[in-house]
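**Student:** Right, I'll just put the structure down here and ask away after.
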């Protein structure tokens, strides 16, 4: 049953990722084509500021997942219902705060940017875009977390894939017809609302959630354990665009965001794998089945390493040809920045490597302990960015993000290996060094592939050849690694 759920969860999330990747590349591409980089930067920057409402969420999602695992494992419906009731109340409060924040942002945002739209239009656009975030807090987010804890997130994922597909088709049609961006975003918001409302009704009935009088007070108290981590992580992840918006310009925001589309794709891919493993880790930890816990974590760690370095290698060779084709006929700003792309990819690989260790810390409820690491990471990012952006512009911003992420990754691994998993982190370091050597070997072998790329067909063929080399070389290493595992040596603890 666990294997079937894991497969469905991962498959459904891959489906979402495919649709979302198409959406994230196609819609900005159409905005660049039918409008310009400034308008694209305006939409992306506005989305970024609206996402700041996640600070108020304060780590509820991570904490509720950690608390749900035990009552679900023992089938305590009353306790689950009490947790969901408390979660609904908190999320709805966040939704109301979002509404107030949106009005304030809609009023003051026009004074900080230069774009061709008037203040009334910017106000309306801000309200419309925020609507899709609002409905998630008020209707669907609690039940999405419930299904994730029950290892049934595929139900939400498949339904979301359908709604995203509809939004993609309608948005593309409206943009091609030359309809106003405001109408495009409004239609998307309405579809988001219908999905959130129907999903809430279905999940509530399917999971037999009761109308209980009591709330889980323990959950509300523990909510604050994740608050510090949430703030620090959010600041760290959103520092770049905010600083670029204020210190550079919206065209540079557009450049950053185009590259970031690729990096977000990598992060989403890694998160998709994590969704399959995290509920199992939570279940085994709640039941105190530590042998199974360590076994599943070993597999999780090895798969993430394999995928992170494979994607990093492939992206290193294909990112600039992709950007060249993606921004073809866009001449108002230079998008071809190889050094920026390479730094961004290194950051993405480092970020991906730490994913199992971050999630394992959340599963085991180590929120208070690891908060200081998140604070230091965010502080390093902000301070370094302020110094480096002046001289190195975009490269300076992403360098600061890279170094701060490297710090958090290293300290998180050392903490978890020593305090929770009780094993030597040097064994992981050896694995990482091996994958770095494999990456260098693959990049060298890729030199012998014809890299003349004139259109998307050429790019797909080139990417496919690179992928074959990378998968083949890394798989040979994995076969050798698991041969030793089968003979009984296993993974060193």
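Cβ coordinates are placed from backbone N, Cα and C, and glycine is handled just like the others.
Not my notes, these are from TrEMBL:
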- 7-27: transmembrane segment (TRANSMEM)
- 49-69: transmembrane segment (TRANSMEM)
- 94-114: transmembrane segment (TRANSMEM)
- 120-142: transmembrane segment (TRANSMEM)
- 154-175: transmembrane segment (TRANSMEM)
- 181-203: transmembrane segment (TRANSMEM)
- 224-247: transmembrane segment (TRANSMEM)
- 303-323: transmembrane segment (TRANSMEM)
- 335-353: transmembrane segment (TRANSMEM)
- 373-390: transmembrane segment (TRANSMEM)
- 396-416: transmembrane segment (TRANSMEM)
- 428-447: transmembrane segment (TRANSMEM)
**Student:** For the transmembrane segment (154-175) and the transmembrane segment (335-353), does the number of C-beta pairs under 8 Å, pairs 6 or more apart in sequence, reach 3 or more?
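**Tutor:** Counting Cβ pairs under 8 Å (6 or more apart in sequence), the transmembrane segment (154-175) does not reach the transmembrane segment (335-353), since there are fewer than 3.
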**Student:** With pairs 6 or more apart in sequence, are the transmembrane segment (396-416) and the transmembrane segment (7-27) linked by at least 3 Cβ pairs under 8 Å?
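**Tutor:** Since fewer than 3 Cβ pairs under 8 Å link them, the transmembrane segment (396-416) and the transmembrane segment (7-27) do not come into contact.
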**Student:** Which of 7-27, 94-114, 120-142, 335-353, 373-390 shares the most C-beta pairs under 8 angstroms with the transmembrane segment (181-203)?
**Tutor:** 120-142
**Student:** Could you pull out which residues elsewhere in the chain have a CB under 8 Å from any CB of the transmembrane segment (373-390), counting only those six or more residues past its ends?
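**Tutor:** Same-chain residues near the transmembrane segment (373-390) but 6 or more away: 228-229, 231-233, 235-236, 239-240, 243-244, 247-248, 396-397, 399-401, 403-405, 407-408, 411-412, 415.
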**Student:** Please indicate, using numbers and ranges, the residues of the same chain that are 6 or more beyond the transmembrane segment (335-353) and have a C-beta under 8 Å from a C-beta there.
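**Tutor:** Result: 255, 258-260, 262-263, 266-267, 270, 304-305, 307-309, 311-312, 315-316, 319-320, 323-324, 326-327, 394-395, 398-399, 401-402, 405-406, 409, 432.
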